[in-house]
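What Swiss-Prot records for this protein:
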{"type": "SIGNAL", "residues": "1-23", "note": "signal peptide"}
{"type": "CARBOHYD", "residues": "ASN29", "note": "N-linked glycosylation site"}
{"type": "ACT_SITE", "residues": "GLU189", "note": "active site, proton donor"}
{"type": "ACT_SITE", "residues": "GLU260", "note": "active site, nucleophile"}
{"type": "CARBOHYD", "residues": "ASN261", "note": "N-linked glycosylation site"}
{"type": "CARBOHYD", "residues": "ASN472", "note": "N-linked glycosylation site"}
{"type": "DOMAIN", "residues": "750-837", "note": "domain 'SUEL-type lectin'"}
{"type": "CARBOHYD", "residues": "ASN783", "note": "N-linked glycosylation site"}
Amino acid sequence: MSAAAVLAVVAAAVAALAAAASGYELTKNGTVITYDRRSLIIDGHREIFFSGSIHYPRSPPDTWPDLISKAKEGGLNVIESYVFWNGHEPEQGVYNFEGRYDLIKFFKLIQEKEMYAIVRIGPFVQAEWNHGGLPYWLREIPDIIFRTNNEPFKKYMKQFVTLIVNKLKEAKLFASQGGPIILAQIENEYQHLEVAFKEAGTKYINWAAKMAIATNTGVPWIMCKQTKAPGEVIPTCNGRHCGDTWPGPADKKKPLLWTENWTAQYRVFGDPPSQRSAEDIAFSVARFFSVGGTMANYYMYHGGTNFGRNGAAFVMPRYYDEAPLDEFGLYKEPKWGHLRDLHHALRHCKKALLWGNPSVQPLGKLYEARVFEMKEKNVCVAFLSNHNTKEDGTVTFRGQKYFVARRSISILADCKTVVFSTQHVNSQHNQRTFHFADQTVQDNVWEMYSEEKIPRYSKTSIRTQRPLEQYNQTKDKTDYLWYTTSFRLETDDLPYRKEVKPVLEVSSHGHAIVAFVNDAFVGCGHGTKINKAFTMEKAMDLKVGVNHVAILSSTLGLMDSGSYLEHRMAGVYTVTIRGLNTGTLDLTTNGWGHVVGLDGERRRVHSEQGMGAVAWKPGKDNQPLTWYRRRFDPPSGTDPVVIDLTPMGKGFLFVNGEGLGRYWVSYHHALGKPSQYLYHVPRSLLRPKGNTLMFFEEEGGKPDAIMILTVKRDNICTFMTEKNPAHVRWSWESKDSQPKAVAGAGAGAGGLKPTAVLSCPTKKTIQSVVFASYGNPLGICGNYTVGSCHAPRTKEVVEKACIGRKTCSLVVSSEVYGGDVHCPGTTGTLAVQAKCSKRPPRSAATAQ
């Protein structure tokens, strides 16, 4: 089949997939959502659901349509989101449903895209979100205890749940009203907390279920990680491998639903990079459907950014960047494409999955077949599983032999033909690159505003004998609290030898501190996500007479999980000085003054009005407790923008007055690098000219070395073997509930052939082939190498098929590239890396 013919088939198949992806059957007059053990039922019809979490406050509203469209293009038919109480009611009785918190707009966009929705109201959501979504003011309600049979908590929880349900009803967003919402969630992962509260926990969860049902949404309610969910509430699974770790609801009338399949591991400051492969995620989903599951949600499908102070304790601004759509909303391949292909394969099997008789057939040690079959209608699907993590294998199923890669599942959509293998990736790969934006260096002039004098005890208004707990003072309005005290030393107190210095020892409940003695910087200390409490010990110089200690304590968000959140603490609790001639001096009860927040925060220097009210000076390097600013024009084009803060220490970033999050590049993980140093600047924040980049730096750094970059995924790759099944999206179609080969798709002498397809981003074409090898190449996208077997003609063939095209197809076959099938070690693998870019203007191209 010619490349042009294959591309025509591809285009038709993609269009058909987009049209059919949602299986959307809601009506404007309202839809009845029920369920049985097999699935949710939409107006009497069973359905399978592929869902993805996209949290509306973690992405700018102008990006929502694109994110939802890409999710649908990826084969999803459901979008899932939490509701964030502290975002919607930051002050008691003061509500916010605008901008990134316009949840009505978000769910209406889902409806416009003809997709279903799941709303996870909570209102405790965890979600690596500040305080788990609970507003700080709730802590100050008398006698309150969160998430137990506590009347004050239940009162305010019911008020908020009712508020959200009523707003969604007013907008007619529940399926019973013709809207997209087919499920609603109450509470979140409560089962492990129920043990802590014992009988009160059981009473609370039963109350929560009854309260939710009484809101009369007309759709089922769910509880995640609550195996024995009360009454008609459906329990759901959260985890990486729910097909193996979760037996399903105890009530056999309820379906197997998976609300969180973690597409990566969320990261905190101090974490090294972590990944979860596309193959492992695909295996977990195929496994879940093979044991009777009919809804799987990817948490996250797009993580986005924890803007401002929204991240929970120690959680970085960058959230689930390894999701199928990365932090910037770009396709992360092959994860996005491999899961899209899985969804397409499972849709071929929908009738068998929803109505077939399930059975299990052992095929050998660590091998099995799980079958759903309607013999009378000749409808069948089989999942051939290899649970051996080290070895590939061959099994015999219904008289035919099948190769099954290690730890994989092959899907036989007619119980005969392999249409998908979780281990064999047919979708393209890509590599993300960052590019210096030349135009942003113009007028690279930094100015600074240093915090007013470091506070002294005598100038403070909040004074106590001992240091105060921090959260009770800052009330989640700021990360910062000053602790200061003064003490007198005599000559006999100080060490006689110059090489001996007193040591300042500060113990803190968390999270980090910067210490000053007599206005001189002494040092920093911090805890970790796991161990927030810490002790800092730093040598210092003291003098005869009065000495002043000032400690700036900072938090990195409130805790988002566990029992008794309302009692969690932060801040300094003991201070001593060791190494004096007269022994250890305990300053803990010396009398302490406190100052809430920074001078720059009170002056709002990050705002246009505030920055004009203070005197800015020429910027200098390595200045602690300093606000820095500069102007810049945005990079040209539409590529995402990031700021590289590698040369800085710890602080908070603003662009045009909007808080983009905490940074902490001085804190290195075990591999010797910061957990995050690139920070997303949404294009919607940028003006055509004269943007303000500002940050508060706690420790000191070199602002002149900060870079503004753009983000691309223009390096596209493929890595496929002849053992890959033919591409499910355009090689197969469903006809009479059975998969049929698309006429001629990829067909050759050996029948259907695996075919690699390379496709550039919008408005770009393949301009060069960086690498091409057929045989046994090695490596990953962006770093391929030729193996011991290599067909020399490979690059020539690929260039002829691909250069100048937006999309090209490459049949994976030794005949095409002149590969030596007898070469020892050959794996019949094609590896290609190509570079996409915009075509140069015709005049420029002619001149060259």
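Residue positions begin at 1 at the first shown residue.
Yeah, the Cβs are placed from backbone N, Cα and C, and that goes for glycine too.
Location within the structure of each feature annotated in Swiss-Prot.
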residue	record	DSSP (3 states)
ASN29	N-linked glycosylation site	coil
GLU189	active site, proton donor	coil
GLU260	active site, nucleophile	strand
ASN472	N-linked glycosylation site	helix
ASN783	N-linked glycosylation site	strand
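Of all Cβ atoms in the protein chains displayed, 17 besides its own lie within 10 Å of the Cβ of the residue listed as 'active site, proton donor'. Between the glycosylation sites ASN29, ASN261, ASN783, ASN261 has the most other Cβ atoms inside 10 Å of its own Cβ, all protein chains included. Look at the recorded positions GLU260, ASN472 and count other Cβ atoms within 10 Å of each Cβ; ASN472 has the fewest. Within the set of recorded positions ASN29, GLU189, ASN261, ASN472, the entry lying nearest in space to ASN783 (N-linked glycosylation site) is ASN261 (CA atoms). A separation of roughly 34 Å, to the nearest angstrom, links the Cα atoms of the residue listed as 'active site, proton donor' and ASN29 (N-linked glycosylation site). Comparing CA positions across the recorded positions ASN29, GLU260, ASN261, the one lying closest to ASN472 (N-linked glycosylation site) turns out to be GLU260.
A gap of 31 Å separates the Cα atoms of GLU260 (active site, nucleophile) and ASN29 (N-linked glycosylation site).
Here ASN29 (N-linked glycosylation site) is positioned 33 angstrom away from ASN261 (N-linked glycosylation site), judged by their C-alpha atoms. Here the domain 'SUEL-type lectin' (750-837) has, by DSSP, the following mix of helix, strand and coil residues: 13 helix, 39 strand, 36 coil. Each residue in the domain 'SUEL-type lectin' (750-837) has a pLDDT score, and their mean in this model is 94.
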